[in-house]
Amino acid sequence: MELGCWTQLGLTFLQLLLISSLPREYTVINEACPGAEWNIMCRECCEYDQIECVCPGKKEVVGYTIPCCRNEENECDSCLIHPGCTIFENCKSCRNGSWGGTLDDFYVKGFYCAECRAGWYGGDCMRCGQVLRAPKGQILLESYPLNAHCEWTIHAKPGFVIQLRFVMLSLEFDYMCQYDYVEVRDGDNRDGQIIKRVCGNERPAPIQSTGSSLHVLFHSDGSKNFDGFHAIFEEITACSSSPCFHDGTCVLDKAGSYKCACLAGYTGQRCENLLEERNCSDPGGPVNGYQKITGGPGLINGRHAKIGTVVSFFCNNSYVLSGNEKRTCQQNGEWSGKQPICIKACREPKISDLVRRRVLPIQVQSRETPLHQLYSAAFSKQKLQSAPTKKPALPFGDLPMGYQHLHTQLQYECISPFYRRLGSSRRTCLRTGKWSGQAPSCIPICGKIENVTAPKTQGLRWPWQAAIYRRTSGVHDGSLHKGAWFLVCSGALVNERTVVVAAHCVTDLGKVTMIKTADLKVILGKFYRDDDRDEKTTQSLRISAIILHPNYDPILLDADIAILKLLDKARISTRVQPICLAASRDLSTSFQESHITVAGWNVLADVRSPGFKNDTLRSGVVSVVDSLLCEEQHEDHGIPVSVTDNMFCASQDPTAPSDICTAETGGIAAVSFPGRASPEPRWHLMGLVSWSYDKTCSHRLSTAFTKVLPFKDWIERNMK
């Protein structure tokens with residue numbers, strides 16, 4: 001029996017908890033309840049209870065009904081605990097339920113008041129407080145119930161403060177203001193510093209915030225209530241009271257305080273003091289320079305300047321101004337700033353981003369001439385000791401950015417080991433205002449690969465090797481879709497913006513019509529034939545122009561050479577470097593005796609073959625074949641060819657290892673020998689694969705190359 005009672009009490013308590021958390025419209029259906037709005041509260045409703053009240057505002061009779069249920073002892077209990085008439089406590093005018101004997105949901109919905117007193121809102125008029133953002137306004141709280149709690153936050157525009165004035169105050173009085181009170185805090189929350197706490201009916205002096213926000217809290221306890229309070233607020237500034245005298249202008253600062261900008265003849269924090277009119281004496285121009293009046297009223301009698309006069313200073317050629325460029329005559333008769341001086345100096349020479357500059361400590365240099373030696377011998381050691389030579393004075397005065405003192409030395413070096421310097425490594429500022437030596441520049445080091453010999457070239461990453469790609473205009477061999485890129489040739493990078501390539505690679509077959517630059521691109525830093533293998537180290541560069549040699553013959557492939565100008569500079573690194581261009585006088589041996597290394601990718605490789613993913617840049621050594629022998633060799637195979645002076649033939653060197661088939665690889669030919677710029681071996685571009693009739697890579701027929709030596713001057717002219 002006791003267990004059943006406790007279970008029933010628990011269920012009833014759970015029902016009461018559910019009442020407060022129900023949504024406005026119920027969805028649970030209990031057929032035993034009188035109305036759907038009650039079905040979650042009771043077991044089996046059988047009766048109702050009538051609550052009769054008097055509205056405190058207009059004194060009319062109002063009320064509502066709630067259902068009642070029979071308990072186990074057949075006693076009638078209300079289905080929920082209700083506060084009776086206190087729900088109308090703060091209403092100015094009340095709403096009325098259908099309490100004349102019909103069940104309703106009036107109490108459940110919570111809209112008891114038809115009208116609230118000023119400052120209150122909500123269905124029971126018990127809610128108050130808000131966030132106020134306005135230049136002025138009011139806070140009005142008409143009467144108040146017990147245990148009320150209201151908060152207002154007032155925000156002003158930046159740079160303004162808030163002033164709060166109480167128009168009416170009627171609260172329970174206490175010396176400590178601990179029962180019913182209004183508390184004003186600086187800031188926008190209850191953590192701010194308390195400015196004032198008020199109660200009773202004595203209005204305080206106007207309250208002002210230090211910042212742009214103010215927090216107002218109203219609190220009432222559980223006994224006694226009065227008429228409430230009425231306060232007005234407005235945005236003000238420190239300049240609102242016009243604190244400046246003599247028509248001075250009040251200027252606000254970021255902290256919210258003010259400063260007075262005084263008219264001429266007045267001074268003081270509030271422009272309260274009258275100044276005697278003063279003048280400034282002529283400051284004069286600096287040595288090796290001059291002055292000009294550039295503003296204000298100017299000079300009086302050519303010797304004194306009126307207050308507000310602005311003087312600008314300038315220096316003669318090869319001198320630089322150190323100090324204030326302008327000075328203004330102030331109201332105290334003094335010039336602003338300090339008098340500048342003109343110093344011998346040099347403007348720093350412009351350098352490229354590839355050059356690193358370092359300013360050396362200033363040391364006055366000295367020279368000895370035969371005349372110095374004559375004077376040293378003519379005077380005794382004693383006289384020299386009695387009249388010691390003074391050390392030259394070091395430069396003084398600060399210079400504007402971009403200038404250096406006389407005798408300053410600048411040291412230059414390249415920012416990367418892949419570049420070499422041209423011009424002077426050290427330059428000195430001369431008395432003429434110019435710099436000694438020649439302007440430095442850094443250019444990429446060409447043809448340098450560490451520890452590489454000609455016979456052992458397989459598996460090398462040739463950093464000047466450029467892959468030339470063309471965009472398809474239709475289906476190609478059934479494996480490329482429209483717009484895909486495919487490898488057509490190899491070229492040679494000769495500087496950061498120039499690639500040398502065979503002309504037939506960038507023209508329509510058998511014609512001199514050049515392919516559109518938008519349908520060509522250059523890939524640098526590539527090693528694997530598969531385009532997906534080197535994507536982190538490669539550079540994909542667009543082409544701005546194609547320069548075809550004017551003597552190019554698309555039938556005989558004579559002068560088969562062209563230049564690609566890159567739209568963007570190549571980034572020089574371990575994987576991307578240019579190759580050198582050679583002249584005939586640079587060759588230590590005859591051209592026919594040279595062992596030439598050829599490198600390139602297999603442009604005819606099948607992307608579906610198993611080894612395609614691991615196929616890399618191929619290289620091998622070839623030997624030059626006499627031109628007449630090359631022609632006869634082709635005639636023996638029924639192929640009449642003409643080898644011009646702009647070509648050379650070569651075939652694979654049988655004594656050197658090789659993994660290249662020149663007939664399948666549009667590559668470049670290079671030779672390593674010491675250059676003029678460095679005694680170390682450098683790789684030089686000698687040729688470009690032009691044509692071959694060897695279809696089986698049997699090496700019975702030589703491959704023809706475009707000889708680069710005759711075109712060296714033409715290439716260098718177009719590299720600039």
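The backbone N, Cα and C atoms fix where each Cβ goes, glycine too.
Record note: of Asn316, Asn451, Swiss-Prot gives the feature N-linked glycosylation site to Asn451, with no matching annotation on the rest.
Helix, strand and coil counts from DSSP across the domain 'EGF-like' (235-272) read 0 helix, 12 strand, 26 coil. Long-range contacts of the domain 'EGF-like' (235-272) within the same chain: residues 135-136, 156-157, 159-163, 208, 210-211, 307-308, 331, each at least 6 residues beyond the stretch ends and with a Cβ under 8 Å from a Cβ of the stretch. According to DSSP, Asn614 (N-linked glycosylation site) is assigned to a helical segment.
Put simply, of the disulfide-bonded residues Cys177, Cys244, Cys649, Cys661, Cys697, the one whose Cα is nearest the Cα of Cys271 (disulfide bond) is Cys244. Using DSSP to sort the residues of the domain 'Sushi 1' (278-344) gives these counts of helix, strand and coil: 0 helix, 32 strand, 35 coil. DSSP assigns Cys489 (disulfide bond) to a strand in the three-state reduction. Cys649 (disulfide bond) is 91 Å away from Cys250 (disulfide bond) when you measure Cα to Cα.
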